[in-house]
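Undergrad: Pasting the relevant annotations from Swiss-Prot:
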BINDING   His85, His90, His122, His126, His257  Fe cation 1 binding site
BINDING   His125, His225, His254, His258  Fe cation 2 binding site
COMPBIAS  1-17  compositional bias 'Polar residues'
REGION    1-21  region 'Disordered'
MOTIF     85-90  motif 'Histidine box-1'
MOTIF     122-126  motif 'Histidine box-2'
MOTIF     254-258  motif 'Histidine box-3'
TRANSMEM  53-73  transmembrane segment
TRANSMEM  99-119  transmembrane segment
TRANSMEM  182-202  transmembrane segment
TRANSMEM  204-224  transmembrane segment
Amino acid sequence: MSVTSTVEENHQKNPSTPAAVEEKKKRRWVFWDRRWRRLDYVKFSASFTVHSLALLAPFYFTWSALWVTFLFYTIGGLGITVSYHRNLAHRSFKVPKWLEYLLAYCALLAIQGDPIDWVSTHRYHHQFTDSERDPHSPKEGFWFSHLLWIYDSAYLVSKCGRRANVEDLKRQWFYRFLQKTVLFHILGLGFFLFYLGGMSFVTWGMGVGAALEVHVTCLINSLCHIWGTRTWKTNDTSRNVWWLSVFSFGESWHNNHHAFESSARQGLEWWQIDISWYIVRFFEIIGLATDVKVPTEAQRRRMAIVR
């Protein structure tokens with residue numbers, strides 16, 4: 001066994017060892033001075049493909065393709081926010097299993113990874129927010145917290161250890177199936193779009209639509225920890241960014257979210273647009289969503305910043 005592999009195993013067992021901390025200091029630049037794993041190549045290749053398709057999109061423009069972009073962005077984006085984030089990561093509401101799985105599958109098509117991977121990373125983010133162990137810590141720079149952290153799986157292991165915080169998802173066959181077959185679903189989507197509308201639908205759907213949604217999601221990790229307003233006393237740098245709320249389906253009320261992590265509602269004021277909450281509320285009204293969590297008045301008073 002090589003010395004390198006021995007060190008990596010020590011990182012995985014104890015991400016707080018001096019060797020692991022020193023490794024974190026050395027590995028800010030994710031494209032060199034490091035060992036690339038197969039998962040890193042897969043994620044980088046997927047990202048490169050999505051952005052390349054987006055750059056090709058102007059050459060294949062049609063009005064119908066523009067509608068495909070809107071549908072892809074909306075279905076995938078709401079899948080991420082309603083399913084991966086509020087339902088699976090924070091358990092802020094419950095729905096029947098058939099609906100839970102359907103929403104998760106919509107999120108999978110946003111090309112942001114499988115539920116187990118996404119939810120685990122997000123739970124670690126809340127556990128270690130803005131610290132050295134935050135998977136996408138803003139302390140390591142805007143571009144790292146925005147996108148570059150995705151391409152270094154070993155660095156994530158050195159920070160947080162193995163994905164031991166998603167046993168609730170690992171116990172379910174559906175999420176294990178998606179984790180093992182995610183690439184086939186994305187490829188299938190590509191062939192389906194090509195069958196319906198050729199390269200026009202592929203470039204505008206999986207290119208423009210997916211790229212926009214990826215960067216809006218990433219702005220929550222980067223921009224919403226750097227710029228914006230604060231309403232609540234949280235032990236982090238989370239911010240509310242009002243102009244991003246429509247595009248993020250309500251996710252950019254990020255200081256609200258970090259103050260009340262388990263809340264299904266993130267736009268806590270009537271004027272704070274939160275499309276994801278409107279979807280959850282609709283499910284609740286028609287009897288599909290139960291145990292919907294929102295902060296109490298006492299909790300809001302306790303967390304409010306006195307001005």
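Note: Cβ is positioned from N, Cα and C throughout, glycine not excepted.
Fair warning: this is a prediction, and the values are worked out from it, not measured in the lab.
Help me see these features in their spatial surroundings.
TA: Reduced to three states, the DSSP call for His85 (Fe cation 1 binding site) is helix. Listed in sequence order, His122, Glu251, Ser276 are the same-chain residues at least 6 apart in sequence whose CB falls under 8 Å from the CB of His85 (Fe cation 1 binding site).
According to its DSSP assignment, His225 (Fe cation 2 binding site) is helical.
Within its own chain, the motif 'Histidine box-2' (122-126) has Cβ neighbours under 8 Å at 84-85, 89, 133-136, 156, 159-160, 165-166, 221, 258, 261, counting only residues six or more beyond its boundaries.
In the motif 'Histidine box-3' (254-258), the DSSP tally of helix, strand and coil residues is 5 helix, 0 strand, 0 coil.
A Cβ distance under 8 Å defines the sequence-distant neighbours of the transmembrane segment (99-119), meaning residues of its chain 6+ beyond its ends; these are 43, 46, 50, 72, 75-80, 82-84, 87-89, 163, 166, 169-170, 174-176, 178-179, 182, 185-186, 189, 206, 210, 213-214, 217, 283, 288.
Outside the transmembrane segment (204-224), and at least 6 residues removed from its termini, the chain residues within Cβ reach (under 8 Å) are 47, 50-57, 60-62, 65-66, 68-73, 76-77, 80, 110-112, 125, 136, 138, 142-143, 145-147, 186, 189-190, 193, 238-241, 244, 247-248, 251-252, 254-255.
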Undergrad: Which whole-number value in Å describes the distance between the Cα atoms of His125 (Fe cation 2 binding site) and His90 (Fe cation 1 binding site)?
TA: 12
Undergrad: Cα of His257 (Fe cation 1 binding site) to Cα of His225 (Fe cation 2 binding site): how many Å, rounded?
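TA: Rounded to the nearest whole number, the Cα-Cα distance is 12 Å.
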Undergrad: Beyond His85, His90, His122, His126, His257, what residues of that chain have CB atoms within 8 A of the centre of the Fe cation 1 site's CB atoms?
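TA: For the Fe cation 1 site, the extra neighbours are Arg86, Ala89, Arg123, His125, Glu261.
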Undergrad: Going along the chain, which residues six or more apart from His126 (Fe cation 1 binding site) have their CB under 8 A from its CB?
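TA: Counting only residues 6 or more apart in sequence, the Cβ neighbours of His126 (Fe cation 1 binding site) under 8 Å are His258, Glu261.
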Undergrad: Using the recorded Fe cation 2 site (His125, His225, His254, His258) as reference, state which further residues of the same chain have their Cβ within 8 Å of the centre of those residues' Cβ atoms, listed in sequence order.
TA: His126, Thr129, Asp130, Ile220, Asn221, Cys224, Asp236, Thr237, Ser238, Asn255, His257
Undergrad: For the motif 'Histidine box-2' (122-126), what does DSSP give as the number of helix, strand and coil residues?
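TA: Once the DSSP states are binned, the motif 'Histidine box-2' (122-126) shows 5 helix, 0 strand, 0 coil.
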